[in-house]
Every structure is written in structure tokens, then in C-alpha cells.
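Residues or ranges marked as FAD binding site in TrEMBL: GLU85, ARG86, VAL247, TRP494, HIS495, GLY523, PRO534, GLN535. For CYS435-CYS486, the entry in TrEMBL reads disulfide bond. Under the heading domain 'Glucose-methanol-choline oxidoreductase N-terminal', TrEMBL lists 293-307. Per TrEMBL, signal peptide is recorded for 1-24.
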Amino acid sequence: MARPISFCLLALAFLVFMNAVVDSSRPSSRNPRRPHQEPSYLKFVSNATDFPPEDYYDYIIVGGGTAGCPLAATLSSRFRVLLLERGGVAYGNRNLMTQEGFLATLMDVNSFDSPTQAFTSEDGVPNVRGRILGGSSAINAGFYSHADQEFYKRSSFNWDLKVVNESYEWVERAIVFRPELRKWQSAVRDGLLEAGVGPYNGYSLDHVVGTKTGGSTFDTLGRRHSAADLLKYAKPLNIRVAVHATVERVLLASSTASPVSRQSAIGVVFRDRTGRYHHAMLRKHGEVLLSAGAIGTPQLLLLSGIGPRPYLASWGIPVAHHLPYVGQFLFDNPRNGISIVPPIPLEHSLIQVVGITESGAYIESASTVIPFASPARSVFIRTPSAPLYLTVATLMQKIVGPVSSGSLRLASTDVKVNPIVRFNYFNSPVDVQRCVNGTRKIGDILRTRSMDDFKFQGWYGSKDFRFVGAALPVDQSNFEQMADFCRRTVSTIWHYHGGCIVGKVVDGDFRVIGMDALRVVDGSTFGISPGTNPQATLLMLGRYVGQKIMKDRKGGYKMID
């Protein structure tokens, strides 16, 4: 059996692991501090305090995140667009702009204006939301991989796969790079292949069964490229971006465009940092597009009076449109795995290699280097002049789907207060089986020759891992013990989605059912997670919906510059 790490070392490492070790950063061996040119999009980004009390736009996009930025950039080629983001700008913030700042960004949170907004689900699992221009793409680990082809078949949208592929390519020309594998990621790649997760697909952006290296939104100098960078494609004369702009509700009125009586979006109300109200209103044929994410979008719909009638009435919110499934069918992909302290120093590494199994699980890995200091100065031990470092390496699995779903409900009528969220991890036996399959595969990898270098030499020639936190059960053939491990060690991989899913809240063209001039363009519309990581699909989605909207309006009303 593996020998336990000393208590002090365990406490430090486990604390870091439980907070964020999985998607840790990697400082570049080059120079991540090298200055680079200020992004061009900052020329049309302003603080919300600089906006007039009322103005008119063709498209108002709520949420400058992973889908919202490419959506705004696309529509601005022909129309007057307003993009509203509740957070600030990442540029100039070293922690946000470099890989080595990833961990600090996740841990440096507050209730008001930190780029990362923390919340804990009713399941007791800590989680985070992005609150910055670029959204979660500005705080994540940068892994980039296309959706599984099954996603398009099962997600019930009217997908045009030609436009889907063109939209991926549009994103990739600007912000996607091939990562350089180093010791830990290379060993995991080899371990996956030894454990039977084949074939080896090399570097690929496609979702293919086997082992592959995916793309990254960190460049070769270790600099982050987020959805905000896609604003460089925008037409500056047609777009305005307001930061520190908190949208409080969507403005609604009876529609004149429909032959039957129904509600239509006519604008939004937002507040700046001083508390002053602003009204952004739609021009003729315009639309409000919600891209506030799986937490923010259903919350905003409820606060705007769109949701289950009895529930809204219980909050005293005037009911504009009865839509019973707003906030329902909320999913989060559970993460389980192990972490070890190796006997050799390792680099920081992001999730770069993935094993896509046929048993309902994806295997990924990361390694992080954290400074280790003595808890107290000692007269007997000379304090070293150079800092000491502790490496923690992680193997984890994420399940396909998931099948288990939860819900979101309001905690307050103040939009700044996080809603109450429950994901109901492992409520379905299907998810439990998939997790057991994935954790067993982690055990297979740990038994490969590729992992031998990460074991400590024990007594009588034996070699063992030193685990940080829980180790896998010794008898991995025992289903009940493995299922208990899954439930006991569950955490998030930050891939939550749903809350406004297609067929329940939006139709196949992302329009809110029964409403005019209102669409949802973000991951809240997904009833399943699109493969190993949703980032690429959400970036594609913004471009895709923008293209579809322009195609639908071709030959109609056109904005005059």
C-alpha cells in the first residue's frame, strides 16, 4: 500500500488540490512577461458610467463571455451592437493573462468585482463563475476540443454543420494554439495508451475515441487568448462594449409583430458601478440576446418575469410569460480522480492530453508547482535563500452527459446575488457506472510502466505513490467501493450547463419559446455537455448564431453606418 505523505505536507497540498489544483497553470520556459501590443478592441470598450441614460441598438447582447464576444463581433459587421458585461477587462491583469496566474485567479475571489465569482451548490461542492470580459474563457485552463458528433444529433438544434465547421475555423485562426507536452503530460499520454485507451490520434481538435493532444488558448509564450480577443473581428463603428454593466432585467411589451397576443423584448435595464440606471432599447427588427451563462441567463429570465407562474408569484415578480422549465434541467459534469506528490520536480501543466474512452468517461491530467515555506522560523534550521516548491500531479475523469440533473432558484431579487443551485450529482445510476468505469481506468493507468517514475522508493525495493487526499480503493473490482469513492470525492470540472434547454425554454433556433425578439445563446441551452470540454463549442456557438441571424435577415433591414 502507498505510504502517506507527512501531515504538514499533506495539509498544504490537499488545501491547494481541493481549491483548484486540477486545472493548474504552467509558467512558460520562455518569457510570459514579455509586453505585447494593447488589443485593438479596447478602443470601443468603455465603463458603463460613460453610457447615456438611453440609447438604441439593433442587437443587445447580455454577457461578454465565451459565446457573447464572438456573437457581438459577428453581428457588428452589419448592425449596431451593444455588448454588456458585468465584470471588467482582463488585459493588464497578470494573473488573468498568463498560465502561472491561473491558481491565484481562482482563489482570489470576493462578492463584488473579482474576475472569478465563487458559489457553492446545495450539493456542497464549491464552484465558480466568470465575471470578466471574455467570461469563463478568461479564467479557465484553456483546453480546446470540438464537440462530439453525437452532440449535434442529440441536442435538437437546427444545426448547419457547414456553418458549424466554418465557425470553429474562424475562432481557431485567432486564439487556438498547439501546446508543447512536457514530462507529466507525455507520461499520461503514454500511460493512457498502455492502459488501452487507443488509438493514438496525435494532435487533433476533433473529438475522436482514443488518446490525443487537444488545442490550447494559451500561446507559445504562455499568454492567454480569450473570447474577448475575438472582438478584434468586430466593426468598430458598429459596436459598443460596456464593462461593469449589470443587467437587472429584460424590458418587455406586447408584440406588434405577431398576429396573436404575446410578449416581445424591447430592451434591457442595466446599472453602472455608481448605481445609475441606463436603458438600452431595440431598434425595429432588433433582438435581445442573452449570453450570461448557465447561471446568469435563467436567473435573468426569472427576474424579468419569464418562468413558472406560481414560482414567480411567490417572489412578487410580475409574470410576463409563463415558461415552466426556466431554471430546470441544470447539469454539472462531476470530476473524480487522484493526486500524487512525485519524487521528481515537474512543470506546471494544463489539461493538454485527453483519453476519450468508449465506456462513458474522459481521462485528463494536470500538474502544478506551489511554493512551500516552513510554517515557523527555526534557530536549528537555516532558512534557504531560494524558495522550495512542491509538485502535485493529478489524474481525473469526467463522465459523458451527465444524466443526473438539478435546478436553479432565486436567492434574492437582486441580480448580483448568486442563485441557489443544486446539481444532484450521481442521482442517476448511469452516471455512477460511468464514474466507476473512469476511476477504474485511472487505476489501470497508475499500474503502467509510464507511471513508475512518479513513485517513491519504499522498503525492500518496493515503489509506491504518495497520494494527496483520497487514494483509489485497493479492490477496484468492487463496484460498491468504487461507487462510494465517486460520491465521496466528487468535485466540479466547471462544465455546468442547462437551465434553459432546447425544447423546454428555447426552440431549435435559440429563440425563447412564446416570445418575440429574445434568444438565448450560451451553454444554458445545452441538455448535454459537448464532449471533453465545452469551451470550443461555446466559442463556435457565438459565431454560428451570429451568422445564422445575418443570413435570416439578408436583404432586409440593414444598419447604415
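Cβ atoms are placed via backbone N, Cα and C, with glycine included.
Here the structure is a predicted model, which means the values were calculated and not measured.
In this structure, the CA atom of CYS486 (disulfide bond) is 17 Å away from the CA atom of TRP494 (FAD binding site). Annotation for CYS435 (disulfide bond): same-chain Cβ neighbours under 8 Å, separated by at least 6 residues, are PRO334, ASN336, ALA361, GLN397, ILE399, PHE426, MET482, ALA483, CYS486. Residues belonging to the domain 'Glucose-methanol-choline oxidoreductase N-terminal' (293-307) score a mean pLDDT of 98 in the model. Using a 10 Å radius centred on the Cβ of GLY523 (FAD binding site) and all shown protein chains, the other Cβ atoms total 29.
Cβ neighbour density within 10 Å is lowest for CYS486 among the recorded positions VAL247, CYS486. Spanning the listed FAD site, residues GLU85, ARG86, VAL247, TRP494, HIS495, GLY523, PRO534, GLN535 have a farthest Cα to Cα distance of 25 Å. Taking the Cβ of PRO534 (FAD binding site) as reference, residues of its chain lying under 8 Å away and at least six apart in sequence are, in sequence order, ALA147, HIS495, HIS497, GLY523, PHE526. All protein chains included, HIS495 (FAD binding site) registers 24 other Cβ atoms within 10 Å of its own Cβ. In the shown protein chains, 32 other C-beta atoms lie within 10 A of the C-beta of GLU85 (FAD binding site).
Per-class residue totals from DSSP over the domain 'Glucose-methanol-choline oxidoreductase N-terminal' (293-307), listed helix then strand then coil: 11 helix, 2 strand, 2 coil.
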